[in-house]
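Asks: Sharing a structure below in C-alpha cells format, with a few things to ask.
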Amino acid sequence: MEENSNKFEQELKEIGQDRNQFPHISVEESLQEFDSFSNKIENESKQFGAQKDPESYMAGGETEEDFKLRKYFENSERMHLENGGNEKKMGVSIRNLTVVGLGADASVIADMSTPFFSILNFFKPSFWTKKTSTFDILHDVTTFCKDGEMVLVLGRPGAGCSTLLRVIANQTASYVSVKGDVRYGGIPSKEFERYRAESIYTPEEDSHHPTLTVRETLDFALKCKTPGNRLPDETKRSFREKVFNLLLSMFGIVHQADTIVGNEYVRGLSGGERKRLTITEAMVSSASITCWDCSTRGLDAASAFDYAKSIRIMSDTLHKTTIASFYQASDSIYNVFDKVCVLEKGRCIYFGPVGMAKQYFMSLGFDCEPRKSTPDFLTGVTNPQERIIKKGFEGRTPETSADFEAAWKNSDIYRDQLQEQKEYEELIERTQPKVAFVQEVKDENSKTNFKKSQYTTSFITQVVALTKRNFQLILNDKFGLFTKYLSVLIQAFVYSSVFYNMASDINGLFTRGGAILSAVIFNAFLSVGEMSMTFIGRRVLQKHKSYALYRPSALHIAQVVNDIPFTLLQVFLFSIIAYFMFGLEYDGGKFFIFSFTLVGASLACTALFRCFGYLCPSMYIAQNISNVFIIFMLTYSGYTVPIPKMHPWFSWFRHINIFTYAFKAIMANEFEGKEFNCLESAIPYGPAYQGSEFDAYRICPLGGIEQGSLYFKGEFYMDKTLRFKEGEMSQNVIIVYCWWIFFVICNMLAMEYIDHTSGGYTHKVYKKGKAPKMNDVEEEKQQNAIVANATNNMKDTLHMDGGIFTWQNIRYTVKVPGGERLLLNNIEGWIKPGQMTALMGSSGAGKTTLLDVLAKRKTLGVVEGDSHLNGRELEIDFERITGYVEQMDVHNPGLTVREALRFSAKLRQEPEVSLEEKFKYVEHVLEMMEMKHLGDALIGTLETGVGISVEERKRLTIGVELVAKPQILFLDEPTSGLDAQSSYNIIKFIRKLADAGMPLVCTIHQPSSVLFEHFDRILLLAKGGKTVYFGDIGEKSKTLTSYFERHGVRPCTESENPAEYILEATGAGVHGKSDVNWPETWKQSPELADISRELAALKEQGAQQYKIRSDGPAREFSQSTWYQTKEVYKRLNLIWWRDPYYTYGSFVQSALCGLIIGFTFWNLQGSSSDMNQRIFFIFEALMLGILLIFVVMPQLISQREYFKRDFASKFYSWFPFAISIVVVELPFIVISGTIFFFCSFWTAGLDKTSDSEQTFYFWFIFVIFLFFCVSFGQAVAAVCINMFFAMTLIPLLIVFLFLFSGVMTPPSSIPTFWRGWVYHLNPCRYFMEGIVTNILKTVDVKCSYEDMITFTFPKSYNTCQNYTSAFQSYGPSGYVESSILNGEPACSYCIYKNGEQYYKTLGWSDDNRWRNVGIIICFFVFNILMVILFVYLTRKGSR
C-alpha cells in the first residue's frame, strides 16, 4: 500500500499539483458514496483488461475500498490511451488582453420618439463624425492556466470576471474589439474557433426546456456528444448509460431523473437541483477548457464544495483546464484551486498561487478579520467600506483599481508569474500538445461525420436525436396536443356544415371556390402559431450552439420531420370530414390530391411563418410581417381578386404565392371533368321561360359562355373567369412543395447565421443623458462616497414597526402520481422584532416551500397548521404588509430600475406617507444596494441581452421589497448570485432592518462566517421537510455547535465556518451522510419542549403587546382602486411607449395593408364587378382587424405573468390591471385605424361615391371594430394558460368571425342551425352590414361591356322589352336594356342597378348602420368584462 501511495503522489506531481496547498481535503472521504457505482465500472475494466493486461488498468491492484471516483477517471483515461487515444492537454495563455465594449451612452432606451430623432440626426453633420462611445471592460490583463490546473477568478460585479471567462471560451462576438494574444496550447484564438466544442462557457443563469425531464435533457446531450473512439465492445447505448449514471451520482440528482426541469412558471426541480443539471449538461460536452461563471449559485455550501471537488478530480485525471468565477467561495472551495486571479474594474490586481494571495494583500497594508474567508478578503480590499487598513499604513494603501494594478505590477509575484508563463509557453513550443489534441478531436468525431467538423456526431445523428427530443417536447404537453386536434375536428365540422353538400349548379360553382379557399386558409391560420414557438427556447439553442452539440440547421430539419406526422394527422382529420361533407367528387384519387395539396400548403406556410420568426428579433415584428403576408396571400390567391382584375403593380405576387398554387391545384382537381348547369339561374328565368324552345335564348350569368349553353364544364369556368390554365394541377402541387423546400432551406441558413440572443452578455441602456461613466477613476471614487454616506446614515432612515409571527405544526402535502407527498412535516417556530432567523438545509430540503407557505403564496396542495401574527389569525392584509424576496427574479423589462422601485413604494407604502418621502426612501435603498448608477438603466431581458445582469436583477428583487417598508420580511436566497461584498451589504442592511424592529427569516445557502454571525436564530431542515434544529445561534455560534457536539459530532474549530460545519454534520450536500437521525433526535430533545412552551407564551405576549388596529379593518391593498388604476395605466402606457417594435409594428402593418388593399382595388368604378370588388375590399379590411388578434395576445400573456407577481405582493388588485391593459391599447388602435383609412379609402376611390357623413362613418366603425378585435384577442389570451394554448384556440374562434360574416357565405346559404344564433352573435356580421350599406347605398351601377350579360331573343317578340317583360315582372335586381349582338337585336342585362339592390339580397339595411355601431360597442364592452373576469380567475399563479 505504501508503494501505491508513493505512486499516487508521483502522479499528482506529474500533473502539476501540490496537494499540500489544501491538506484539509480528503478525496477518499468525499467519494465513499461512489463505491457501488465504481464496483460496476471496475468489473467492466477487469473484463476488458482480461483481454489485455489487467494490472495496468487497476492502478496497481487497489482494493475495492480504494477504488474511488479519482481512480475511475484515471483508469478510464489509461484505458483510452492504451487503445490508441491521445491526450487533450490544452492550457490557455493570455498576454496584454484588452476587451473593449460599448459605452453606456452608446445607446439609449428606445421609445416611440427614437425613429424621429434618428431621422433628424441622420441629416446632422455631427452624426457622421461622432465616434461611438466605448470603454475597456478588461484592461491589459496577462494570465495563464496550464492543462490540469484550476484558476479561480474573483471580483466584484463589473470587475470583468464574466468577460474574461467568455474570452477564454473564445466567445468574443458581443464585444467591440478584443486586443492582445490568446493562445490555446499554442493555437491562436482565431485558429481555435474551429474547435468551438473544446472551450465552453457556462453562464450563471439556467437555460433548459422546462417540460423535459432530467433524463430526457441529459440523454439528448449525450446522444450529441457520444465519441467515435469508444472502448472496444462499448456500444453507444452502454456509453450513454454509464456516463448518465455517473454524472447523476456525482451531483446527487439520481432521484430526480424523471422529474421535469421546470422554470419560474412551471413547477419542477428546485433552484439548486436545476443548477446541478446545468453543471451536469456542461460536463457532458467533455470540453478541454471549461469556464464556469458563478456555477454554484443556488447550491448550498456542502453541494458547492462537492461540485468543486468533482471538477478538481476531473482536472487532475483528465487534464482539464478549468477557469471558474465564484461570487461567494468558502475557504474550502478556494483551496481546491491552484491559482487565483483577482480583477477590479477590468484590471488584474493579483494573479498567482492561492496560498500567497492573502499574504500579498496584507503586505500592502490590509488586515483580515477573524473567520473571514480568503475570497471575501480578496474582493473586500477593493471596497472602502469593507477593507481594514493596518495601523501605520493609513494613506499608503491603494485606493482605486489603477492603484491596485500598479502595485501588482511592481510586485515580485507578478514577475514570478511572468517568468512561469514564459517557461510554460516554451514548454508548449517544445512538446507541441496541439498535434495530439488535433488528432484526438478527429478521432472523437463519429465515423460518419466529417473529420474537420466542429461537432462530435454526424448531421444525421443530430437530426435523429433532435427529432426524438422534439417529440418529447410535444408529447409532454398532452393537454395542448389534445386541444389542438379537438380544435381541428370542430373547425372541420363548422366548415363542412357551412358548405354542406354543394350543388352542381352555378351557385355551387362559386361556393366551391369559397370552400376550397377556406380549406387552404384553415391550415394557414393553424401554421401562424408556429411562428411564436420560434421565440421559445432561443437561449437553450444558443447554449447548445456554444457547446457544439448540434448544428442549428439540424434543429430545423428535426422540426420539419416532426411537422410531417402531426400535419398529416391534422390534415387527415380535417379532410376526412370536410371533403365528403362539402360534396366534392367522390373519387379516391381526387381525395388524395386534395389532402396531399393541403399537407404541402400547411407545411409550406409553417416554414414561411417560422422564417419570419427566425429572421426577426421581436415576436411583434414577425407577427406584423406575417399578417401583411396573409393579407397579400389571401388577396392574390385568385379568388377574391380574379386575375383579369389584378393591376400590374401587384399581380406579380400571385407567382410567388403559396395560396395561389394550392388553390389552383385543388380547384383543378375538383373542376376538371365536372359538369355544372344553370337551369334555374339562366337569364331570363321564371315560369315563362321554362319551355325547351327558350333554351336557345337563355344564357348563364357567367362571363364568356355561349348563349344556349345551360350545361358547361368546370374547365370553362377556370379558364374564362379565373384564367387558370388547363392541365397545370400536377405542376401547381409540385410548386407548393418546392416552396416548402425553399423556406426550409431559408430557415436552415437563418438558424446557422442569425443569432438574436446575447449568449449571456448583457448591454445596459439608459435614459438619454443619464448614462454613467464606465470604469472611470473619478466615477469610482464618487460611487464609493455615496455608498459610504448611505451606510453611515442607515440608522437615521429606518423605522420599522414589526410584530411577533409564529407558526406551529405546519404540514404541506401535494398530490403526485400514485398518491400524495408530504413536503413539510410539523414545522414550528417564530420570528419577532429585533431578531434575524436563518433558514438552512441542503438543496431540496423544503426551504423555499416553507417560505411559500409562511408567506401565504401557495395556491396548490394542502396546508395544515397554525400561523399567527401578534397572537391573532392572519388578516387579509398579510401579503401586503410582508415582503417576500423570491428566488426567481421576475421584473417587467420595460421599466428602469428606479421606476420599478418607485412603483413598489407608491403602491405598497401607507397612503399617509407623502410621495416625496417615498421617493426619498427609494433613493436611499438605491444607494445602499449600490444601484444608484443603475437607477435610469432599463431592466430589459436576458434573452435579448439588453438590460441589467443576473446579479443586478437579484439586487433589484430585494430592493422592490425593501422600499415597501414591510412589517415582516421573508427572503429566499437573497445573496444567491451576488458577490461577497454585495452579499455582505445585503445581510448588513437586513441586520439593520432587524435592529430597527423588523422580524425576518432568510434562507441562505452559502453564508460565510462573517455573514452567519449576523443571524440570531436558525431553523435547520433535513430532506423531507423535517426540523433538525430551531433555536439561538449564540455568540460565535457556540449555542448552535454545542447542540451537535452534544450528540456526537466533532467539535467545531475556531477557524471553521459554523454554517458549513452544521451542514456537514447533518449530511447535507450531494452525497452527504450522517449516522444520526437528526429529525428524530430533535423530537426527543429538551429544546423542542422549550420551543413549544415559548410558542404559547409568544402568542399570548403578542396579543397583549400589540393592540388591535385602530384605523379600521385590515385593507388588502394600501391604495384606493382609483389610485391603483391610475398608476398601473401610467406604467403600462410607459411600457407601450418604450416598445416601438410593438407600437410602430402595428402602425406599419396598417400602412402596408392599407396600401396593398387600396392599390389592389385601385380607383373602383361603377360597374357590377367593381361593386363586388368593393365587398372584397371591406372583407380584406375585416381580415386585417382579425389578424390584429394574433398581435395582442402575446402582450397580455407576458404582462399577466408580471401582474401575478405583483398581485401576490398586493401591489394592486386584478381590476386595475385588467382595465388598464385594455385602455392602454385604445389610442394606438385609433392611430392604426386612421393610418389604414387614409392609405386605402381614397386610393380605392371610395370617396367618389361617399359624402362626408359616409366617410366619417367608415372611419368610425372601422376603429370601433378594431377595438373589438383587440379586446377579443385580449379576452382569449386571458382565458388561456399559455401562448401555445392561445394559438391553438384562436383559429377556431376566428373561423366563426369571418366565415359567418356574410361574405364567404351569403346569409341565406348559411345552414339554419348556424344562422339561428351564430350569425346573429357575430360582431363581424354587424361590421359588414354597417360598412357595406354605408359604402354601397349611394352607388349607382352602370355595367361595363364586359359585365353585361347579352343575349338574343326569338324574332316573334320583336323587341327586347317584349321578351324580358315577364322576367322583369318577377322583380329581379339590376336592369335590362336593348343592344345589338352580331348585327342582331339583343338584350343586355346588368345584374345590379345600384348598391342598395346588392345588400338587400343579404337582408341588410342602411337604416341599421348606427345600430350596428352600438352592437359592436356592446361586444367590445363584453370583451372587457371577459378580460376582467378571467384576470380575476387566474390572478394567482400555480405554485
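Glycine is treated like the rest: Cβ placed from N, Cα and C.
According to Swiss-Prot, the record shows the following:
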- 1-17: compositional bias 'Basic and acidic residues' (COMPBIAS)
- 117-370: domain 'ABC transporter 1' (DOMAIN)
- 805-1049: domain 'ABC transporter 2' (DOMAIN)
- 1141-1366: domain 'ABC transmembrane type-2 2' (DOMAIN)
- 479-499: transmembrane segment (TRANSMEM)
- 516-536: transmembrane segment (TRANSMEM)
- 564-584: transmembrane segment (TRANSMEM)
- 589-609: transmembrane segment (TRANSMEM)
- 614-634: transmembrane segment (TRANSMEM)
- 734-754: transmembrane segment (TRANSMEM)
- 1144-1164: transmembrane segment (TRANSMEM)
- 1175-1195: transmembrane segment (TRANSMEM)
- 1217-1237: transmembrane segment (TRANSMEM)
- 1256-1276: transmembrane segment (TRANSMEM)
- 1283-1303: transmembrane segment (TRANSMEM)
- 1413-1433: transmembrane segment (TRANSMEM)
Asks: Against which stretches of its own chain does the transmembrane segment (1413-1433) lie, if we need a Cβ under 8 Å and a gap of at least six residues from its ends?
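Replies: Sequence-distant neighbours of the transmembrane segment (1413-1433): 1196, 1200, 1203, 1214-1215, 1217-1219, 1221-1222, 1260-1261, 1264-1265, 1267-1268, 1271-1272, 1274-1275, 1278-1279, 1323, 1326-1327, 1330.
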Asks: Are the transmembrane segment (734-754) and the transmembrane segment (564-584) close enough to be called in contact, which here means at least 3 C-beta pairs under 8 A that are separated by 6 or more residues?
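Replies: By the criterion, they do not touch.
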Asks: Select the range from 564-584, 1144-1164, 1217-1237, 1256-1276 that forms the most Cβ-Cβ pairs under 8 Å with the transmembrane segment (614-634).
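Replies: Stretch with the highest Cβ contact count: 1144-1164.
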Asks: Test of understanding: applying the rule of at least three C-beta pairs under 8 Å (pairs 6 or more apart in sequence), is the transmembrane segment (1217-1237) touching the transmembrane segment (564-584)?
Replies: no
Asks: Please figure out which one of 589-609, 1217-1237, 1283-1303 racks up the most CB pairs under 8 Å against the transmembrane segment (516-536).
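Replies: Of the candidates 589-609, 1217-1237, 1283-1303, 589-609 scores highest.
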Asks: Give residue numbers and ranges for long-range contacts of the transmembrane segment (1144-1164): same chain, 6 or more residues beyond its ends, CB-CB under 8 A.
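Replies: The answer is 112, 115, 618, 620-621, 623-624, 627-628, 631-632, 635-636, 641, 646-647, 649-650, 1170, 1173-1174, 1176-1177, 1180-1181, 1184, 1188, 1191, 1228, 1231-1233, 1235-1246.
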Asks: Which one, 589-609, 1175-1195, 1283-1303, has the most C-beta pairs under 8 Å toward the transmembrane segment (479-499)?
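Replies: When the Cβ pairs under 8 Å are tallied, 1283-1303 comes out ahead.
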Asks: Any residues 6+ beyond the ends of the transmembrane segment (1283-1303) with a Cβ under 8 Å from its own?
Replies: 477, 479-480, 483-484, 487, 490-491, 494-495, 498, 518, 522, 525-526, 528-529, 532-533, 536, 1175-1176, 1178-1179, 1182-1183, 1186, 1189-1190, 1193-1194, 1197, 1272-1273, 1276-1277, 1310, 1314, 1318-1319, 1322-1325, 1327-1329, 1402, 1404
Asks: What parts of the chain pack near the transmembrane segment (589-609), using Cβ distances under 8 Å and only residues at least 6 beyond its ends?
Replies: 519-520, 523-524, 526-528, 530-531, 560, 563-564, 567-568, 570-572, 574-575, 579, 622, 626, 629, 658-659, 662, 665-666, 669-670, 729, 732-733, 736-737, 739-740, 743-744, 746-747
Asks: What mean pLDDT does the predicted model reach across the domain 'ABC transporter 1' (117-370)?
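Replies: Its mean pLDDT is 85.
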